[in-house]
Amino acid sequence: MGACLSAEQSHDTPEYKRSKALDRRIKEDEKNLSREVKLLLLGAGESGKSTILKSMRIIHHIPFTDEERENFRRLVFLNLVQGMKTILDVMEEWSIDFQDDSNIDHLLLFVSYPDISEDEPFPTNYLVALKDLWLDQGVQSVYRRGNEAAVPDNMSYYYTDLDRLFSPSYIPSEDDILRCRNKTTGIIETTFPLQDHVYRIFDVGGQRSERKKWIHCFENVTAVLFCVALSGYDSCLVEDKDSNQMQEALMLFDSICNSKWFARTSMILFLNKVDVFRQKIAYSSIKHYFPDYDGDDQDFNAARSYFKARFCRLNRSVNKEIYPSFTNATDVSLLKIVMASVTDIILTNNLRDIVL
């Protein structure tokens, strides 16, 4: 009897206090975990994944810091010169000459190019060269066939505004940042609060060499956002000029959608770059690349519905639904509407899983 403690006395022991503190911590962790929405942003290279992530930051009012804008400023310069270098290399490969022979004098600038220091204006000798080269019909002939050579699709946006970009006081606008290309290597995480939940979005490198790293993000994923460029139906891969972007995306979606890792994971399909797709179908035949397409090549609605159906048919699980949306990652207002619907889908499915 003397060895027995009353309930009141036992509450004062260090062991009891540690146990109660541990219980509180577990409950708090469970509460935080239930509030966390973990999204995996996947897709083949050039699909616009990183642009979607940047648009989400704008939508949810996560500003770009001064340091980030400075990094993007220097990236814009690299986008300008590397895009032109791609075209010049293809001109040599395809034996295409300059219309204006004097443009040969600019080639030395693209053997190597300077690293832009912090706050250093872009070199003005490149402004003259880029203007001259962009107007050359030899350059334009390659640009018009850019789908065959993985020419960046942001070039026309930047090259129509070179004077602004080369201004000594230039600071990238949100539109400049959205269109700035920077190959995703490894895993980039972005976190933001929304509707009493914390969203953690992981952008994973899309090129083939990056895909082996995806495995580290698979556990406890709430949803997969899979991004595909509709405009890639006639385009080659950056890393493999003999492979088609859309075919690559279809194969990748098949493996992701039907993976054991995602058996109970919501699958959100972003059919992206609808703006570029609408322009392309006016002159680039879908049937040439996808002979089973039986619609009018220039029928925008029929064409995009065809590709939506191609992806949805890959789902082999009767218990899994695909939620497709047509997007333009550089149109923040459109993406805001799409993301509102996506959020409803994710939270509804999340609640269903908790109940089950």
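Yeah, the Cβs are placed from backbone N, Cα and C, and that goes for glycine too.
According to Swiss-Prot, the features are:
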type	residues	note
BINDING	Glu46, Ser47, Gly48, Lys49, Ser50, Thr51, Asp153, Leu178, Thr184, Gly206, Asn272, Lys273, Asp275, Ala329	GTP binding site
LIPID	Gly2	N-myristoyl glycine
LIPID	Cys4	S-palmitoyl cysteine
REGION	38-51	region 'G1 motif'
REGION	176-184	region 'G2 motif'
REGION	199-208	region 'G3 motif'
REGION	268-275	region 'G4 motif'
REGION	327-332	region 'G5 motif'
* Structure fact -> Per the Cβ filter (under 8 Å) with a sequence gap of at least 6 from its ends, the region 'G5 motif' (327-332) is approached by 48, 51-52, 55, 58-59, 174-175, 178-179, 227, 270-275, 338
* To do: Could you work out which of the binding-site residues (Ser50, Thr184, Asn272) has its C-beta surrounded by the smallest number of other C-beta atoms within 10 A?
  => Thr184
* On a count of neighbouring CB atoms within 10 A, which of the binding-site residues Glu46, Asp153 is highest? -> Glu46
* Could you break down the residues of the region 'G1 motif' (38-51) into DSSP helix, strand and coil, giving a count for each? => 3 helix, 6 strand, 5 coil
* To do: Give the residue from the binding-site residues Gly48, Asp275 that has the most other Cβ atoms within 10 Å of its Cβ, counting over every protein chain displayed.
  => Gly48
